[in-house]
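Peer 1: Below you will find the structure I want to go over with you.
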Amino acid sequence: MRVLGIESSCDETGVALVEVRGSVLPVLLADALYSQIEMHQAYGGVVPELASRDHIRRVLPLTEQVLAASGRTLADIDVVAFTRGPGLAGALLVGAGVACALGAALGKPVLGVHHLEGHLLSPFLSADPPEFPFVALLVSGGHTQLMRVDGVGRYELLGETIDDAAGEAFDKSAKLLGLAYPGGPALSRLAEQGDATAFKLPRPLLKSGNLDFSFAGLKTAVMVQAKKLAAAQDGSVEALPVQVLADLAASTQAAIVEVLVKKSMTALSQTSLKRLVVAGGVGANRSLRAQLNAECGKRGVRVHYPELHLCTDNGAMIAMAAAMRLQSGQQAASEVYAFDVRPRWPLGDLTASA
């Protein structure tokens, strides 16, 4: 069984083809991705209407690219999967519409996939896939959650952000420092030149006793510190010396990473599990990986990540999630081609609503 996956939830258009071979893990045959970063840079963030229009332009050429790379044709597709949510409504509608039209034209069933489940299962595409059960840290621009994962579709929410996500804290802090979009990676690069102990910033909810996160207060603290530094020099934040900006970037990153790492260790301790899966765009952060590796090593915990190019939104994770749901019997594909999307869709609702 071959599953074509289409991802269009935000500002990346992704298409991939995976193959299910018996009971072993599905195999990625080919994938292609187009990022809209350059287009959105002029606006300092994602413009939903522009994102939707660009998905329309890219999705079919990417599909042709994937089929050519895999040596397959449209006739070889058995199921067409797409991101149903969460995400930008207009962007989701593009992927859903193309997938359902393609399924109807080919007479093949379709399957809507939860975007976060795609991230959650993306490490199964790596050379060192995890085994169930495990604790998962889902950390991206829009979501920060800790989950207990006992199998495909068997997810228990342990904790989540009560305000900003970690990726949002990276991005908004970067904007406060005058860094270009996308801010998170820019802040991390600048942080490599800085002293993480230069500024004392808060670690919200670090000692709360639960596994929830909060990053809004940290973002405010970064803003206050940046304005204070600028006022002391009678200038703008952007005019601050590069080393000062680097120190503030490093201090910001250190605060975010410390919270993520310590909460993850607490989750492992509370569940007595010995595997940690890290997924989502922030999972590519080198400082986060280094500290998680160190702390997990002390505890005899195996930590798994997606391949770096699969940390961002991509079609491979959508195809893989669909294939694993079908393979495990969690869900059947549908030959009903009327579709809807769910811009807001808690992962905890997945089993009940699928």
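Heads up, the Cβ atoms here are built off N, Cα and C, so glycines get one too.
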Peer 1: Leu138, Val139, Ser140, Gly141, Gly142, Asp171, Gly184 bind substrate according to Swiss-Prot; which of Asn210, Asn285 goes with them?
Peer 2: Asn285
Peer 1: Of the candidates Asp313, Asp340, Asp349, which one does Swiss-Prot list alongside His115, His119 as binding Fe cation?
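Peer 2: When Swiss-Prot describes the Fe cation site, the candidate it includes is Asp313.
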Peer 1: Ranking the binding-site residues Gly141, Gly142, Gly184 by other Cβ atoms within 10 Å, which is at the bottom?
Peer 2: Gly142
Peer 1: Around Asp313 (Fe cation binding site), which residues of its chain at least 6 apart sit with Cβ under 8 Å of its Cβ?
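Peer 2: Same-chain residues close to Asp313 (Fe cation binding site) (Cβ under 8 Å, separated by 6 or more) are Glu7, Ser9, Cys10, Asp11, Glu12, Gly14, His115, Gly281.
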Peer 1: Using only the Cα atoms of Leu138, Val139, Ser140, Gly141, Gly142, Asp171, Gly184, Asn285, which the record gives as binding substrate, return the largest interatomic distance in Å, rounded to a whole number.
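Peer 2: Largest Cα to Cα distance for the substrate-binding set is 17 Å.
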Peer 1: Tell me, by DSSP, whether His115 (Fe cation binding site) is helix, strand or coil?
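Peer 2: Helix, per DSSP.
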